[in-house]
Amino acid sequence: MMACMKLEEKNQLRLQVLDMFKHAFGSYMKYAYPADELMPLSCKGRYRGSEPSRGDIDDALGNFSLTLVDSLDSLAVLGMFDEFERAIRQVIQHVTFDRDVIVSVFETNIRMVGGLLGGHICAKYIHLHNPSRLYWYHDELLILAHDLALRLLPAFNTTSGLPLPRVNLRYGIDLTLSKSERELYTCTACAGTLILEWATLSRLTGNYLFEQYADRAMSYLWERRHRQSNLMGTILNVHSGDWIVRESGIGAGIDSYYEYLFKAYVLLGEKNNDYLSRFEEHYSSIMSYVQRGVAMVNVHMHQPYRSVKKYMDALLAFWPGLQVLTGDLKSAIELHEMLYNIVKKHKFIPEAFTTDYRIHWKSHPLRPEFVESTYFLYKATGDPHYLEVGKTILTNLEEHARVPCGYAALSDVSTGQKEDRMDSFVLAETFKYLYLLFDTIPHDYIDIDQFIFTTEGHLLPLNILLFNINDTLKQKFHQITLKSAEIYEQKNFSINEKQYERKIKMNQCPAMDEQFKSHQYKEKLRENIRDDQDMTETIIISSKYIKKKPKNISLHRLTAMEFSADNPQHISELKQMGIEIQFLVDGQVQLAHLSSNAESIDDAENGLIFMQEMIELTNNTNTFENSLTYHLPLTVIPLVIPSLEKAVSFIVSNAQFGKQLHDTQGIFAQLYIVEPYSACSEILFSHYVYSRIGIVRRGDCMFIEKARYLENAQAIAGIVIDNNLTLNSSNGAIFSMSGDGYTNINIPLVLMFKDESYQLLYLLSKQPKLIVYIGEEYRLLDSFYQQIDYLESLIEPFNQTANKWIYGQMELFKKNKQCSILSNKLKQLELIIKQQVEYGIQQNNDQSFNLDLTTFDSNDEFNSMDQSLHFNTIINIEEEEEEQTNELIEIKEIDEEKKNHE
């Protein structure tokens, strides 16, 4: 167990952080002020428009001394009170927002509005405890924050109530520009990260508009969640509310939405418990679907069991800190340790990293999220481990980021190459959290426990009533509120009509079980994470309550060979290991292992061993085969528009690994013939395979290897084409593709016989955007209705209307009615599916089906007669040709040339 850090060393590290902050802040003031940012390699300031554009990154800049404003409350927290007073004077004298510049609503709110509020709160707090300081201050920062927020209000001029992503500080919103593609979309976090700053601003000034508009945006986002999974997408249309990117996770584009749901409840009080209940629904879904082992991966919000990509971004490092606030310390400890493993491997957390700890995006702009989580974990547990983590961060910053004119971001963490960039959040957050981690001295002026941190690390008071303003300023804000209400509410609401009560919320503390007082217990949790195993396969103990293992428990572990489903003692032992057993209606037994349900860490490990034994047992016996005979066969059904005279469906065999499509909804997707066609190496042109079903040929490598390469290319499923013309579904031969004993494949893979695959590929050549269904045929219609939004995105990606909110007259953006509309193409598809279902029923009445199950060897490596398989005998492409024609467009061109010739 790690020894406690001595007080002298801790204080020395605190002073070192203070020196680091002074070096960075002093460099900004010397070389960059009044510019927005410091360029630490060039030793000069970055003004908006004076340097080559960096794209959306520059939307945070407004030529309003961004870094100075963002640093205000950091100066107060670090005890630099003389510098704090000087900085406030400089902001009051020189910062103005009457500028013809387009800025990000999200970044301007969290950095500038939040920075001004944090500075105002600290100024009032310091003066309250020491009247000799800041006696000259008369709420000027609050006036500036109010002025800036008013300039952001025009962004809310949308039918949904979501703010546009950008606004001109002088002219507001150009309605033509607001309909342009660049301004059409916003991210979930961008629209959902206003409520803390704007509610505080409303309650300090009396201008209710800010809290009202921020709350509307939060409520609208909640309405747009997926109702089955309770997950959110990442990007949506600000006018219609349609999801554009349906990836769901906890990282970039969505992170602070979840953070603000929970913190809004803490800040605004019990009467705002809608925020808490929404957060709890989201949190439960995130921990069920997004968490895979110790990793937090992006999934499809409408298909939450399907992961989108094999990498994570650095912004999710805030999550353990938020988990501490909610009381889920076990999960926080485990995820933080995984992130610390990355730091130990690469010095910093790269902007994106894979589940096996490799670098995906190599830059690192000195982000604060990991330091933030480290601070909160130490604050909650007192575990010296987190002081050592902080020491590692400090050392890496000094050795790899410090330059003569500040601290420089890293463009490549693997080489240490630096970038001429020091974002304002380095001073606003990174050094602030690092200082607080090592801070031991009691503060007379700033009691950090009386505040809540915004997503930018700014301090907002838990007791807003302590920060009243004078009557003259109240009256001034009152007049501005009435004028603004006329503009934005279209009727004049008096203040009496809009009286809202001020709510006070006392400090929230994480639930502290007795076991967390033991550093040894926390160290045992971290030990599970410390190896090179893929994050998604790491055993974690992340439930809130884990029962202690009874002392009289037998040391013998139940093995898969001994297990009997009729033995109650065996059922009980499985439950202790975290294995749930379910008896299905067709006589099968289904086992599911969840380590968080185990009674101890050892039981969780035993459960994993048992499941691995069971997999090996089923691979080596006919147990799996016998169970499959109870299933209806899977089918591949092409949904041809317009419909064929006779509906077509192809029976296929499934794999013993990957996602199983029996007794569940099937999947719909378009097809793509992958290259290389064998799929035995990395897929080329993977962007074409994304969210499609990849078609590959059998041979040259194991089936499971093909599945892995398809999944890495983010295919939704795979179809393997057989090479034996003597086999087809009509002769009753159904096969099952076996794997290699590992269960780390999440997409379904099916095998289609050669003659039937020719028919499918011919249809594909005629309709390159052909949609097919894979699953049990009797679930086709139900799957269609369950996935109608997703299907519409395939058919009409730029004209989605299904289940769209359609508004009539609105008052305060409240919904009056909703209509569910199907486009003509969806109606046409619905008719085709109904015809297919009727055809399937008729077929079942006309013939019986006998299953003769055969299992292929997992090492399916043999030379195929058609290694250069071409797709269509009907258009006379010879099978013996050496040239591969994997692109559908070539088939289409050949077909069109033949027609022209004829």
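Just so you know, glycine gets a Cβ as well, placed from its N, Cα and C.
Just so you know, TrEMBL annotations never went through curation; they're auto-generated.
Using a 10 Å Cβ-Cβ cutoff, GLU107 (active site, proton donor) registers 23 neighbours. Residues annotated as active site, proton donor in TrEMBL: GLU107 (among others).
Marked as active site by TrEMBL: ASP255 (among others). For ASP255 (active site), other Cβ atoms within 10 Å of its Cβ number 25.
Around GLU351 (active site, proton donor), the same-chain residues six or more apart in sequence whose CB sits under 8 Å from its CB are ASP313, ALA314, HIS360, TRP361, LYS362, SER363, HIS364, PRO365, listed in sequence order. Taken from TrEMBL, the feature active site, proton donor applies to GLU351 (among others).
Annotation source TrEMBL lists active site at GLU369 (among others). GLU369 (active site) has a Cβ environment of 24 other Cβ atoms inside 10 Å.
The annotation Ca(2+) binding site is assigned in TrEMBL to THR455. Annotation for THR455 (Ca(2+) binding site): spatial neighbours ILE110, THR193, LEU196, ASP255, SER256, GLU259, TYR260, PHE318, criterion Cβ-Cβ under 8 Å with sequence separation of six or more.
Among the features that TrEMBL reports, domain 'PA' is placed at 676-757.
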**Asked** Could you tell me the C-alpha distance between GLU369 (active site) and GLU107 (active site, proton donor) in angstrom, no decimals?
**Response** 16
**Message:** Limited to the domain 'PA' (676-757), I'd like the whole-number average of pLDDT.
**Reply:** 79
